[in-house]
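Here is what Swiss-Prot records for this protein:
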COMPBIAS  1-33  compositional bias 'Basic and acidic residues'
REGION    1-228  region 'Disordered'
TOPO_DOM  1-305  topological domain 'Cytoplasmic'
COMPBIAS  34-45  compositional bias 'Acidic residues'
COMPBIAS  46-75  compositional bias 'Basic and acidic residues'
COMPBIAS  97-172  compositional bias 'Basic and acidic residues'
COMPBIAS  183-196  compositional bias 'Low complexity'
COMPBIAS  200-217  compositional bias 'Basic and acidic residues'
TRANSMEM  306-326  transmembrane segment
REGION    331-353  region 'Disordered'
CARBOHYD  ASN332  N-linked glycosylation site
COMPBIAS  337-346  compositional bias 'Polar residues'
CARBOHYD  ASN378  N-linked glycosylation site
CARBOHYD  ASN383  N-linked glycosylation site
CARBOHYD  ASN395  N-linked glycosylation site
CARBOHYD  ASN548  N-linked glycosylation site
CARBOHYD  ASN560  N-linked glycosylation site
CARBOHYD  ASN569  N-linked glycosylation site
ACT_SITE  GLU599  active site, proton donor
CARBOHYD  ASN638  N-linked glycosylation site
CARBOHYD  ASN671  N-linked glycosylation site
CARBOHYD  ASN691  N-linked glycosylation site
ACT_SITE  GLU704  active site, nucleophile
Amino acid sequence: MPTHSRSRDRYGGRDSDREARYDYDYARRRYATDDDDDYDDDELEHDLTERRYRRDGYRPPRESRARGYYERDAEGAADEELLGNERDPGPRASRSYGDDYDARRREHSRAREAPRRSERHRDRDREGRSRRRAYEDDGRHRTRDGRRDRGRESDGEARRSRRREAGRETAARKHRSSDSTNSASHLLSADALAKLGAQYEKEERRKREIAKDAAKAERKRQKKLAVVGEETRALRDPPGESHRDRTKARVASGAYLEEGRSPEMRVRHRGGGGPAMEARWRKEGSWGGTMDDSGGGRPFWKRKRWIGLGALIIILVIVIPVAVVVSKKHDNKSDPADSQGTSPGKSNLDGLSHDSIPAYAQGTYLDPWTWYDTTDFNVTFTNETVGGLSIMGLNSTWDDSARPNDNVPPLNEPFPYGSQPIRGVNLGGWLSIEPFIVPSLFDSYSSVSGIIDEWTLSKRLGSSAASTLEKHYATFITEQDFADIRDAGLDHVRIQYSYWAVATYDDDPYVAKISWRYLLRAIEYCRKYGLRVNLDPHGIPGSQNGWNHSGREGVIGWLNGTDGELNRNRSLAVHDSVSKFFAQDRYKNIVTIYGLVNEPLMLSLSIEDVLDWTTEATKLVQKNGITAYVALHDGFLNLSKWKSMLKNRPDKMLLDTHQYTIFNTGQIGLNHTAKVNLICNDWYNMIKEINSTSTGWGPTICGEWSQADTDCAKYLNNVGRGTRWEGTFSLTDSTQYCPTADTGPPCSCANANADVSKYSADYKKFLQTYAEAQMSAFETGQGWFYWTWRTESAAQWSYRTAWKNGFMPAKAYAPSFRCGDAVPDFGDLPEYY
């Protein structure tokens, strides 16, 4: 009897010897299992941690799983980095309030010891205060003493003028004298003396104008003080403290930076100056046109303006060419054959009035004027709901006559499940974020910031999360993708969504409900191109597996822990709403598979609890009118275990299994030909058997698989985690799991991660054969869904990239290789990639 696809026993003992040394902390840890070869062993009572079908290196989350982020304030850490040049020199560690206070106290002490150290503060006393304001704040009579000061200034100016006149007369006598002691070769001519005198007079006039302006500003200030009176004095800063001193030390936040106002912060430093403050001062009329206390000279911000402008030009000269090069490189690497438009469409709002939206709905997710993209949405307002879920954006009519190709019936005719295989793709990383699919959302954060999943990303983005993620929803998958899916010969789409498309709870930072609108539009695009839909709840309340693609990496809180029962009920409430919505007539022909939960980790959860919930959820959605097949995941149990499980289940249920070789250290190290043989021998028979109601469980689909033969894709094993292929995955073991690990040369991810334009013909031939072998094996069951349709840079995980670059069949229903055919020769293809 063939071994299970996820078994490592037949490949020698090195896997089991190293099992205890492997951490289970990786993003798609759902895949590698240490399965039992005995298909007849159906006992479920053994301790889960002792089962031979345990996933490779798995340890229960509550024992060994690292959360992957620190409990420290991640937002503060990033602000430290972003504002590093603004702070005092020193370590970048986050400082406490006490540290900030000590720093300010030391700065204050320096002001007392050396008030003239800085030219900008020569008018301050040893206490760091403005000499003028210090005296005023000590209780002077402002009106009387102001007149006295102006009188003293006038007397002083008169004395200085007499001294200057005396000096000029002395110089003139000297140059008029014929005395040899007063003669020299460098004596100036009369014209030169005249020019010098004119220049001197011009300088004097400028100084007098400055003094006049200063006096005018002082009179204006005194006048304002007299009008405001005691109220103004009550609001005045205490002696020795300016307004700037009261500003909080931290002036930056993630949201502030997201708004594009970081240049303002660089000017503001720790709370003073900058465009925002200057505009406010002008508006209040309390700014005399300068930031200099003396009232003279060019204002600080004007002196800096030209310097800043010059620096900005230099930066742009450097940054723009680099950005263009990086952008071109990124586009070529992710999908060289195509590029997605990023300009939002809002033309269907033309001619409409915002007043057509009720006041209570304006500014909410029901207001199309707040949407990033309104293309193909019905923007006529409605607050109607079904199952508590909005229908806003939908048209009232639909057409189910389309078909994707001649091999598939149109939507208004039943699909022959059981006699014709499903050929579909997933839309992973779109409405449920996954780092390795969209690394650009995570690349801007440092490794210590702890931004590792949608929870931490949404929390970090704060008020900008909605706009950032909606732009991703609108641009990552568009109508053109559904047209391409049809043209590739595919006929089904498995669409991921998470519970926050429906509702959020407690302190959830997730963006609520916006993805719901894009889910509904995606289904309408599927309808247009004749594609049937498999709904896949990828994240449910509490997390069903503790992995990043469930929304939050860490502890499993569904059916487990303190809030396990609470989240159980919440997940049923989500299905109650969603099932009522998709039980509408408009979805009867198109939503043909209804998923319950993606990849519940039954190696950690109570199997009985999961099965009880599955039965209850299935009965609930069917009671609400769902006639589609209901899909449940195998939970990573050995498929042979399912032969005796849920025998008395409700009707129309599918078992969903996800198969990958690269997360199993016994399989990732096979050479190219051996991997194809594994698929066509072991997997082929395994799927065929479990799909039978007499020898297995019954109708079985493969909801996820990939042609990737390495785990080299960036962030695939978690943000910041290495690879098994190069021996950098484990924190304690550097063993490489690749075909040439023992003989050399060392395996490298360079070729697997290279731009697809650099793939050799032999490598493309292998990748296509490897994919077609899996298609053949999974079609012995109900069919398959490839993971995934599109990625930003992981070419071997993108059906779209492979299809457009010649290492997927031109039509999914017409492969060039099937199991039973001779495995082709892959030429001189090296085994180390």
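A Cβ is built for glycine as well, from the same backbone N, Cα and C atoms used for every other residue.
Structure with Swiss-Prot features highlighted.
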residue	record	Cβ neighbours (10 Å)
ASN378	N-linked glycosylation site	15
ASN383	N-linked glycosylation site	12
ASN395	N-linked glycosylation site	12
ASN548	N-linked glycosylation site	30
ASN560	N-linked glycosylation site	23
ASN569	N-linked glycosylation site	10
GLU599	active site, proton donor	24
ASN638	N-linked glycosylation site	23
ASN671	N-linked glycosylation site	15
ASN691	N-linked glycosylation site	23
DSSP-derived helix, strand and coil totals, residue by residue, for the compositional bias 'Basic and acidic residues' (200-217): 18 helix, 0 strand, 0 coil
Work through the recorded positions one by one (ASN560, GLU599, ASN671, GLU704) and name whichever has its CA nearest to the CA of ASN383 (N-linked glycosylation site). GLU599
Whole-Å Cα distance, ASN671 (N-linked glycosylation site) to ASN395 (N-linked glycosylation site), is 52
Work out how many Å separate the residue listed as 'active site, proton donor' and ASN378 (N-linked glycosylation site) at their Cα atoms, rounded off. 35
I need the nearest neighbour of ASN569 (N-linked glycosylation site) among the glycosylation sites ASN395, ASN548, ASN638, using C-alpha distances. ASN548
Could you check which of the recorded positions ASN395, ASN638, GLU704 is the closest Cα neighbour of ASN548 (N-linked glycosylation site)? GLU704
Residue among recorded positions ASN395, ASN638, ASN691, GLU704 with Cα closest to the Cα of ASN560 (N-linked glycosylation site): ASN638
To the nearest Å, how far is the Cα of ASN691 (N-linked glycosylation site) from the Cα of ASN638 (N-linked glycosylation site)? 14
Rounded Cα distance in angstrom between ASN395 (N-linked glycosylation site) and ASN378 (N-linked glycosylation site) is 6
The residue listed as 'active site, nucleophile' has its Cβ surrounded, within 10 angstroms, by a count of other Cβ atoms equal to 25
What is the separation, in Å, between the Cα atoms of ASN378 (N-linked glycosylation site) and GLU704 (active site, nucleophile)? 33
What mean pLDDT does the predicted model reach across the topological domain 'Cytoplasmic' (1-305)? 45
